[in-house]
Amino acid sequence: MASKGTEGGHGGVERKEQQQQRGYQLPRDSRGSLEVFNPSSASSFRTAAAAPKSASPFLAIPDREEDNVVAQQRAAEWGLVLQTDHHTGLPQGVSARPSSGSARTSSEDNPQQQQSAAAIPRVSEELRAALSAFQQTFVVSDATHPNHPIMYASAGFFNMTGYTSKEVVGRNCRFLQGSGTDPHEIDKIRQSLANGSNYCGRILNYKKDGTPFWNLLTIAPIKDEDGRLLKFIGMQVEVSKYTEGKKDTVVRPNGLSESLIKYDARQKDHARSSVSELLLALKNPRSLSESSNNTLKRKSQESLSMSMTEVPSKRSSESGSRRNSRSGTRSSLQKINEVPDQGNRTRKSGLRAFMGFLGMGHGSVEKNMLKPRDEDPLIDSDDERPESFEDEFRRKEMRRGIDLATTLERIEKNFVITDPRLPDNPIIFASDSFLQLTEYNREEILGRNCRFLQGPETDRATVRKIRDAIDNQAEVTVQLINYTKSGKKFWNLFHLQPMRDQKGDVQYFIGVQLDGTEHVQDDAAKEGVVLVKKTADNIDEAAKELPDANLRPEDLWANHSKVVLPNPHMKDTASWRAIQKVLESGESIGLKHFRPVKPLGSGDTGSVHLVELLNTGEYFAMKAMDKSIMLNRNKVHRATAERQILDLLDHPFLPTLYASFQTKTHICLITDYCPGGELFVLLDNQPLKVLHEDAVRFYAAEVVVALEYLHCQGIIYRDLKPENILLHRDGHISLTDFDLSCLTSCRPQVFLPEDADEKKGRKNGSYPIFFAEPMRASNSFVGTEEYIAPEIITGAGHTSAVDWWALGILLYEMLYGYTPFRGKTRQRTFANILHKDIRFPASISVSLAARQLMYRLLHRDPANRLGSYEGANEIKGHPFFRGINWPLIRATAPPKLEIPLFSKDDMEKKGLVTNNRTDMF
């Protein structure tokens, strides 16, 4: 963190400056940090002198007056006031300093002020223990002091910078600056400190020995309940290894970035999530420890000590007898297998096999499972609602869609991608594993040719083979000696493969390295050759998701300027007729044809507005996305996919695309306006934040039908949540927001009934089943935190089964008012998703059929998840949906709600209030 004024260099500490900032010498802990986290610890105030027994109550330990003075001084360093007991004089905690700045004793504090300080840690030993448990590198500074002196620094900070605690505590962080530090970035930091706001950015800092390093700095303010600024927490992450550094400004001749991926946005997303944990510890260390215990321990006190990376093959409660689904792995799911297969999953569950032996079919198993038992294992005796969130930022963060990595970035192999269309065929992408293997930083190799790996013992004839393959645009696999940055020699099984575009022209070269300790014979190398070739094929497929880096910037958005043609089912609506009238006049639909009415929402890349097509009375929703933000956040291919997906949709429960166009700064999509708003708002408006089961059944059934249609089109939705379910005037749903969806090809299939007697089968209702699903799996890290499936977190590759997991979470939220795996932080939520058993509170009455449906949808193994074998047909046939007329669901009347979707006012007026504001961007 920086303050006004600059301090050049990065060496030592002046004693005079320390004395001016601190004014006096305070006690230090074993590392030398000030004991500012221990103002109320009894051990700090107890005296070794024995007090007269007759004058002392039982267990009372008198304190010396000077100890309390020292404690008051320590508390003052934090802008706090020490509170003491009226009778014993023992320290009882701390309270916030009044805004006037005058220190008052506890006897002068009124209850209002004590309540306003409730968000400040009062049990310092707990706070100290909580902070010491974090592995992050961070400092805490005093925001009440104009120079923002450091009051606490973690051990990681000393290790990263090389400074000692005596050289850090009491100083401003500007001593990390140097000649290469960007002054514009420092100005941003100063502005954030002055405004008491958040900051996240990458700056060049210097260690004590003068070594420069890239520091991803995240600053967050700590305020009391009255909004008074008390502290700043600054978390540092050294990202020199993985950031593109100053190469982020290097562009191609076409004006686009030379690097295939922009890493700053990725790293900032991770940093913001990590700093939220620290903020939680500072505000309430006790709740942090308690919630940790509740999260990591089952009710039986059995410890679930697995880390988030240790993914169990089954939950402890998931025995074969408790799952009723067909677990065979489908051949059509062509996964990108960048992690080892988790064993053979083709074995049927014990319950299913046993029932088959008894002659009971699938339906019989269902009926048997729905028989009530004396003791239902799915019901939790305690109502374990997740903790509430006082932090508004955290509440918004956990409900927004996240895009943390593309499939290409999650391939954990040593490889680079080069572009032969640029001079000297430079590297434009390098995997993290490649950086680890070669010991180079990403900044050091982007834009360079791969020859820097060569050394004195590298065989020139082998290098010539690689050059010939590049010239001939052919594949080649060789073994050669390469060298790491430190000069370490290693044998490299290297595979070069050209990547071609749709026209057959070479777009990139993919280079995959398999390191070894020694040269291996050709026969022994065959296994390695197969591995590197398979990896190259996966890289080729993953890289094709991204836009061609050699395109002109205007070509990236060309698809959005295409005319949208009406699909069969919607072409005769009033909205389409109004759009067609404009097109028939010879004009292209653009921003000038719409009048802004009001904003409907906003996100990371743009906003949604309610607009009226001029002089028609027809209202639409316009989604406007900022081009520059899309480029910086690696979302160009997401926007392209969303435009393609919307063009395919022709379904009553999905949006209709009427037009798309672009301005100099934005791309715009025109779709249906749903006056009923979000299902999330409807849920929130209900008295208990939940829906009755008949309403849940209605909305869930329409979601199933919509997902079935998407899967038949080869679309994996990947962002199902109440915020993305909009409601039409008639109360029916429309899924929206496809920027995180995956578009691939589809494989339709027909399953014949098992009964060979066709007439008998039809009599029993066993008709042929149509089933279609997306053929190719993805491995992108996308979704919404609370709804993300386990296989997305682990990076094992995911299919359309992630949508059925999200359906289970949606059902749970509609029935119970919250999601089952929500945690205080993103990391804890992900850990819960991977390890925590699903439980159903007994305080809310939910039918056994509903609980069993959620239980089967929330199976961590996607191969055993309900819907993995027959898709939506499996879910439609579940007893929870008994009574749903699936072919006529569109004609079903929406259920009555405690708080109706619309008030008694004129429905046409809802949300259509005129707004004269015309600047939407």
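Counting starts with 1 at the first residue shown.
The backbone N, Cα and C atoms fix where each Cβ goes, glycine too.
ATP binding, as stated in Swiss-Prot, involves L600, G601, S602, G603, D604, T605, G606, S607, V608; the candidate among K592, K623 given for that site is K623. Close to G606 (ATP binding site) in the fold, though at least 6 residues off in sequence, lie K623, A624, M625, D626, I629, H666, each with a CB less than 8 Å from its CB. Proximity of S602 (ATP binding site) to non-local residues of its own chain (separation of 6 or more, Cβ distance below 8 Å) is seen for V608, given in sequence order. The Cβ centroid of L600, G601, S602, G603, D604, T605, G606, S607, V608, K623 marks the ATP site; residues of that chain outside this set whose Cβ lies within 8 Å of it are A624, M625, given in sequence order. According to DSSP, L600 (ATP binding site) is assigned to a strand segment.
When Cβ atoms from all protein chains are considered, those within 10 Å of V608 (ATP binding site) total 20, not counting its own. Looking at the domain 'PAS 2' (400-473) alone, the prediction's average pLDDT is 94. Of all Cα pairs drawn from L600, G601, S602, G603, D604, T605, G606, S607, V608, K623, which the record names as binding ATP, the longest spans 14 Å.
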